[in-house]
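Novice: Swiss-Prot lists these features:
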type     : residues      : note
SIGNAL   : 1-38          : signal peptide
DOMAIN   : 44-91         : domain 'WAP 1'
DISULFID : Cys51-Cys79   : disulfide bond
DISULFID : Cys58-Cys83   : disulfide bond
DISULFID : Cys66-Cys78   : disulfide bond
DISULFID : Cys72-Cys87   : disulfide bond
DISULFID : Cys95-Cys145  : disulfide bond
DOMAIN   : 95-145        : domain 'BPTI/Kunitz inhibitor'
DISULFID : Cys104-Cys128 : disulfide bond
DISULFID : Cys120-Cys141 : disulfide bond
DOMAIN   : 147-194       : domain 'WAP 2'
DISULFID : Cys169-Cys181 : disulfide bond
DISULFID : Cys175-Cys190 : disulfide bond
DOMAIN   : 195-240       : domain 'WAP 3'
DISULFID : Cys208-Cys232 : disulfide bond
DISULFID : Cys216-Cys228 : disulfide bond
DISULFID : Cys222-Cys236 : disulfide bond
Amino acid sequence: MWTVRTEGGHFPLHSPTFSWRNVAFLLLLSLALEWTSAMLTKKIKHKPGLCPKERLTCTTELPDSCNTDFDCKEYQKCCFFACQKKCMDPFQEPCMLPVRHGNCNHEAQRWHFDFKNYRCTPFKYRGCEGNANNFLNEDACRTACMLIVKDGQCPLFPFTERKECPPSCHSDIDCPQTDKCCESRCGFVCARAWTVKKGFCPRKPLLCTKIDKPKCLQDEECPLVEKCCSHCGLKCMDPRR
């Protein structure tokens, strides 16, 4: 007589405590749970946020450091940028990140964009970690980053209160043609630029606790070389050197 071994001993197959129906039910339940788990994984395969657009024409792709968003720590996403997949902060402009040398023993010359001085600079990359402000050569760095601040000035978006909305752009390079990434009542949006004086406005603060009433609408309303800049409200400011 056939029996089934359990922790408590043996049950005959014709025993009332054993049933092929029970086996079939458990098998179907297991398959259903696996299918549900697979569907949930498929639905939740992306973390919030948008990856930056690829800015280079890639003739050779570099080895990927991730395959999906969940290969990346915390809120980072797996993005294709500078000819390879890498973990990136979807809420920061890559070319504005500080230089990161990495923490392995290998050394190779790479290039990063020095946003403060507005130029591409070489550095020694140690091969692990780091960030997305990391390019194989100077040409790639310049192509990816030199247009992150386009000529022109953001137009006025009159508002007394600001809502925190997901940004539709992170920097000017995310916007088509001559449009700029501008502060609006609801996050940052691409907008047609105004004609401006030479120089660039100081960097915008990450967060404004209060939006001041506009002191100007465009550069022509500011004295001498001052520019009309968006800095928690429009105001005349000395251009960034």
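From the backbone N, Cα and C atoms, a Cβ is placed for every residue, glycine too.
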Novice: List, in sequence order, those disulfide-bonded residues among Cys72, Cys120, Cys145, Cys190 whose Cα sits within 10 Å of the Cα of Cys228 (disulfide bond).
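Specialist: Matched disulfide-bonded residues: none.
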Novice: List, in sequence order, those disulfide-bonded residues among Cys58, Cys169, Cys181, Cys208 whose Cα sits within 10 Å of the Cα of Cys175 (disulfide bond).
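Specialist: The disulfide-bonded residues passing the 10 Å Cα test are Cys169, Cys181.
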Novice: How many helix, strand and coil residues does the domain 'WAP 2' (147-194) contain under DSSP?
Specialist: 3 helix, 14 strand, 31 coil
Novice: Of all the disulfide-bonded residues given, namely Cys120, Cys169, Cys236, which is spatially nearest to Cys87 (disulfide bond) at the Cα level?
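Specialist: Spatially nearest to Cys87 (disulfide bond) by Cα position is Cys169.
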Novice: Here are the disulfide-bonded residues: Cys78, Cys87, Cys95, Cys104, Cys216. Which has the lowest count of other Cβ atoms within 10 Å?
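Specialist: Counting other Cβ atoms within 10 Å of each of the disulfide-bonded residues Cys78, Cys87, Cys95, Cys104, Cys216 gives the minimum at Cys104.
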Novice: Once near-sequence residues are set aside, which residues in the chain of Cys145 (disulfide bond), 6 or more away, have Cβ atoms under 8 Å from its Cβ?
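Specialist: In sequence order, the residues whose Cβ lies under 8 Å from that of Cys145 (disulfide bond) (at least 6 apart) are Pro94, Cys95, Phe113, Phe115, Cys120, Asn133, Ile173.
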Novice: Averaged over the whole of the domain 'BPTI/Kunitz inhibitor' (95-145), what is the pLDDT?
Specialist: 91
Novice: Tell me the coarse DSSP state (helix, strand, coil) of Cys104 (disulfide bond).
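Specialist: Looking at the DSSP assignment, Cys104 (disulfide bond) belongs to neither helix nor strand, so coil.
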Novice: To which of the disulfide-bonded residues Cys79, Cys228, Cys236 does the lowest count of other Cβ atoms within 10 Å belong?
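Specialist: Output over disulfide-bonded residues Cys79, Cys228, Cys236: least Cβ neighbours within 10 Å is Cys236.
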